[in-house]
């Protein structure tokens, strides 16, 4: 299940599934959860407080935080897309090391922590519990191949959706209608136009997506960074 060809097949399947009515939103919520967790953890690390995290059926999410200062607020708003992009690359790297159990434990720990302390809407709870339950059943019943397939599918979904979501926020930011989510919120907080933030999100998203693809192709991290830096 770590063969590049196998992953590319799963990558293609996940890309198709992403556009299906029920399965598509379900898998897209993995990226949403990481994105919102990025906001939440950054809020805590900068001295703020997380009021709630919500996941929605349209694959959107909302993290409500409170901050003591302007800097913490800006960093929290900034964190979502980079967190999802970086997490997708880390996930892919660990996947190529065959560390499926570690990925499952890490994902489960994040979901359980988020459900206990942050997630406050019904859909978010149902989705999180269903993921934890499914992985637990597959693992404990020793469905070895299915467990590896499940972990790999999640990795493909994270890498794809982290990249696509950056394109979406960039396109929304250049429309200038104030509906560009984090880019619009950053524009309001910093007085720097939303297209700037949209482009920043797109730039980092493209960089980390390429990073993840190169890792899958078997390149070491040092060579990838050198190549992308020169590019």
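Cβ coordinates are placed from backbone N, Cα and C, and glycine is handled just like the others.
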Per TrEMBL, the range holding transmembrane segment, considering 122-139, 176-193: 122-139
Correct range for transmembrane segment (source TrEMBL, candidates 53-73, 74-94): 74-94
Residues from the same chain, set at least six apart from the ends of the transmembrane segment (151-174), whose C-beta lies under 8 A from its own: 1, 6-7, 10-11, 13-15, 18, 27-28, 30-31, 34-35, 81, 84-85, 87-89, 91-92, 95, 100, 103-104, 107, 180-184, 194-195, 197-199, 201-202, 204-206, 208-209, 212-213
Long-range environment of the transmembrane segment (122-139) - Cβ separation under 8 angstroms, sequence gap at least 6: 26, 29-30, 33, 53-57, 104, 107-108, 111-112, 114-115, 146-147, 150
Remote residues contacting the transmembrane segment (99-116) - C-beta distance under 8 A, at least 6 residues beyond either end: 33-34, 37, 40, 53, 91, 124-125, 128-129, 131-132, 135-136, 139, 147-148, 151, 154-155
Cβ-Cβ under 8 Å with the transmembrane segment (194-219): same-chain residues at least 6 beyond its ends: 4, 7, 78, 81-82, 85-86, 88-89, 92-93, 96, 159, 162-163, 165-167, 169-174, 176, 178, 180, 182-184, 186-187, 225, 227-228
